[in-house]
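Inspection log for the structure reproduced underneath, given as structure tokens.
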Amino acid sequence: MARLYPDAHCELDFTSPLELLVATILSAQCTDKRVNLVTPKLFARYPSAADYASADREELEGLIRSTGFYRSKANSILGLGRKLCDEYGGEVPGDLDDLVRLPGVGRKTANVVLGNAFGVPGLTVDTHFGRLVRRFGWTEETDPVKVEHAIGGLFPPKDWTLLSHRLIWHGRRICHSRRPACGACELARWCPSFGEGPTDADAAAALVRNGPFS
DNA sequence: ATCCCGAGGG
DNA sequence: CCCTCTGGAT
């Protein structure tokens, strides 16, 4: 997979931790492409946390409407701006525990920001990530936090961020939720979930050992 | 478990 | 028309 996706990366457009944080909140149940359509105007209108804190709700909703769930997302961003100003001097904290306490920010979003804006290794366990690692036989867990810990034990931290992007890219392009394109998958021969492919426990380990992921 | 609430694909 | 899509909060 290192060969398949040598430079997998975050596809959200951003130039600062704050921009990435907001873009990631907007990306919930929405494609990155659509988020990137609205963020240029959004970031120009609200350059700082204080600008979000004092934003007009209706105007903010209008700017992010096409990303879906715009009312709750606007709520999160408004609260986010306030909390960043009140408790963090207007700066985005570079710490998982602090990030997760911000409105609209769960563990997945926090790890995206840590990994891509702060250079802190993090596994971003979203629906793709979880589905793939289960199909690969790397874990049976379904709880995202348990998945994160299980997979974290298989790879060194320095690989976590890139691994996350590679899994997500592969999930989007090939290993779909409904009809995975196993015929086009170069990993099928190692995949325990592939039709007549290897189903023994070694197959999962082979996927890790063969290093296509790290 | 359910709500939030938009767009595109099959 | 139904389903899905890089969630999070209640």
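Note that Cβ sites are derived from N, Cα and C of the backbone, with glycine treated the same way.
Annotations in TrEMBL come from automatic prediction, not curation.
The feature domain 'HhH-GPD' is assigned by TrEMBL to A:26-173. On the 0 to 100 pLDDT scale, the domain 'HhH-GPD' (A:26-173) averages 93 in the predicted structure.
Among the features that TrEMBL reports, [4Fe-4S] cluster binding site is placed at A:Cys175, A:Cys182, A:Cys185, A:Cys191. According to DSSP, A:Cys191 ([4Fe-4S] cluster binding site) is assigned to coil rather than to any helix or strand.
Note: the domain 'HhH-GPD' (A:26-173) comprises 101 helix, 0 strand, 47 coil (DSSP; helix = H, G, I, strand = E, B). Most Cβ neighbours within 10 Å, among the binding-site residues A:Cys175, A:Cys182, A:Cys185: A:Cys175 holds that distinction in the structure as shown. The [4Fe-4S] cluster site is defined by A:Cys175, A:Cys182, A:Cys185, A:Cys191, and by the 8 Å test on Cβ atoms against their centroid, the other residues of the chain that qualify are A:Arg135, A:Ile174, A:Pro180, A:Ala181, A:Leu187, A:Ala188, A:Ser193, A:Phe194.
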